[in-house]
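Taken verbatim from Swiss-Prot:
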BINDING   Gly12, Ala13, Gly14, Lys15, Ser16, Thr17, Arg117  ATP binding site
BINDING   Ser16  Mg(2+) binding site
BINDING   Asp34, Arg58, Gly80, Arg136  substrate binding site
COMPBIAS  177-186  compositional bias 'Basic and acidic residues'
REGION    174-199  region 'Disordered'
Amino acid sequence: MAPKAVLVGLPGAGKSTIGRRLSKALGVSLLDTDAAIEKQTGRSIADIFAIDGEEEFRRIEEGVVRAALVEHDGVVSLGGGAVTSPGVCAALAGHIVIYLEINAEEAMRRACGSTVRPLLAGPDRAEKFQDLMARRVPLYRRVATIRVDTNCHNLGAVVRYIMARLQAQLATPVSGGDRKSSEAERSGAPLRKSSEVVK
């Protein structure tokens, strides 16, 4: 058993919203790993960060992600920082991983007003967000098999594009390390160097 798709991206990229729409379009369920962590621990993510620290949160998160990749056959939406765990990145190998790309200005507009993102809490949120981008974007690109620009506000177009890419991938199944190469060849783009753009 494996997910139909795994969504990754920065806070504000639309993982939850697009995940719900994509899972509905595919006729499957959505598993949000942040929600799964809160259900498993009986605590909020903010509480885990505040009391136990980020390292403990990432340990819990890795376990939840690994279980989801084995047990869930729908769509899986990962927390924005999940890819900072080497174990998570390793576990994503061989899965269809969709990186929801977003520019800094739009991401900050969507995310920095949130009160439920522990790493963006307090003052200097814009600076903190820029730091998150610098550390995480290379990791998203590394694990992604499909990259989608979500800066446009037409979520329907984003979901339709993802559906088309998933259908193309299912029509030409590839395994493990060959998948990223196959994706790049079909898009006509250099491997991991260009974005799949939705207008």
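Keep in mind that glycine also has a Cβ here, set from the backbone N, Cα and C atoms.
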Additional residues surrounding substrate, by Cβ distance to the Asp34, Arg58, Gly80, Arg136 centre under 8 Å: Glu61, Leu78, Gly79, Gly81, Ala82, Val83, Thr84
Between Asp34 (substrate binding site) and Lys15 (ATP binding site): CA-CA distance (Å): 11
Nearest of the binding-site residues (Asp34, Arg58, Gly80, Arg136) to Gly12 (ATP binding site), judged by Cα-Cα distance: Gly80
Arg58 (substrate binding site): secondary structure state under DSSP, collapsed to three categories: helix
For Arg58 (substrate binding site): intrachain residues, at least 6 apart, with Cβ closer than 8 Å: Gly81, Thr84, Ser85
Top Cα neighbour of Arg136 (substrate binding site) in the set of binding-site residues Ala13, Gly14, Ser16, Thr17: Ala13
Under 8 Å by Cβ from Thr17 (ATP binding site), counting only residues of that chain that are 6 or more apart: Leu155
Spatial neighbours, same chain, of Ala13 (ATP binding site) - Cβ under 8 Å, 6+ residues apart: Gly80, Leu100, Glu101, Ile102, Ala107, Thr150
Neighbourhood of Asp34 (substrate binding site) by C-beta distance under 8 A, where only residues 6 or more apart in the same chain count: Ile45, Ser77, Gly79
